[in-house]
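Enquirer: Per TrEMBL, the feature signal peptide maps to 1-26. Look at TrEMBL and you will find 57-205 tagged as domain 'Cupin type-1'. The oxalate binding site feature in TrEMBL is assigned to 104, 109, 114. Per TrEMBL, Mn(2+) binding site is recorded for 107, 109, 114, 153.
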């Protein structure tokens, strides 16, 4: 129990300390054309650009996709990376799927606010402002919640049923900065983290082992 309390306290400290430095934000620049044509399409006659360019079907596939037995939160994005027509339009979407007792860990979107709509099930959500105040809410299907731009926030499904949500962003490239991975999975010196979070080296090393991403191939 002492170990659990230590980890819980450490996570709360991480969220509180991360909210201020990660609050630096930016926004999409205005464009001077109706839409932005990808580099691969520059020079193409306008009549060859069809409605297909402005259509994305990836979220429909995610809605119909089932992953029996999975216990992990999953996200399917529709940003300018997946849907190039969004470039310059200052909008993006993401579909969030939560198995029972799963969580979307604390993170920020440095270039956009997030407007979340619960489509199915129920979620518990929250964010921390730059003064260190935590705002939490329990949401049911049909409820909406806004996470201000750049602030640390999370969503969780504490229940036994699955939950699905759709998030809209005020940027075509909102970005995502994971607090746990950024702090413990990017190679920051163990001693620095142990002193910063007033814990011991073994605790830091356990967190690093769990959160460090695998090497890119």
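Even glycines carry a Cβ here, placed using N, Cα and C.
The model shown is predicted, which means the values in this text are computed figures rather than measured ones.
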Enquirer: To the nearest whole angstrom, what is the C-alpha distance linking residue 109 (oxalate binding site) and residue 153 (Mn(2+) binding site)?
Expert: 9
Enquirer: With the Mn(2+) site defined by 107, 109, 114, 153, which remaining residues of that chain have Cβ atoms positioned within 8 Å of the Cβ centroid?
Expert: 108, 127, 147, 151, 152, 174, 176
Enquirer: Taking the centroid of the Cβ atoms of 104, 109, 114 (oxalate site), which other same-chain residues have Cβ within 8 Å of it?
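Expert: Not counting the recorded site residues, we get 94, 107, 108, 116, 147, 153, 155, 167, 169, 174, 176.
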Enquirer: Using DSSP, what's the helix, strand and coil tally for the domain 'Cupin type-1' (57-205)?
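Expert: Residue counts in helix, strand and coil order: 28 helix, 59 strand, 62 coil.
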Enquirer: Between residue 104 (oxalate binding site) and residue 153 (Mn(2+) binding site), how many Å separate their Cα atoms?
Expert: 9
Enquirer: State which of the following binding-site residues has the fewest other Cβ atoms within 10 Å around its Cβ: 107, 109, 153.
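Expert: Comparing Cβ neighbour counts within 10 Å for the binding-site residues 107, 109, 153 gives 107.
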Enquirer: Rounded to a whole angstrom, what is the C-alpha distance between residue 153 (Mn(2+) binding site) and residue 114 (oxalate binding site)?
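Expert: Rounded to a whole number, the Cα-Cα distance is 10 Å.
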Enquirer: Can you count the other CB atoms that lie within 10 A of the CB of residue 114 (oxalate binding site)?
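Expert: Result for residue 114 (oxalate binding site): 25 neighbouring Cβ atoms inside 10 Å.
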Enquirer: Any idea what the model's mean pLDDT is for the domain 'Cupin type-1' (57-205)?
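Expert: When the pLDDT values over the domain 'Cupin type-1' (57-205) are averaged, the result is 94.
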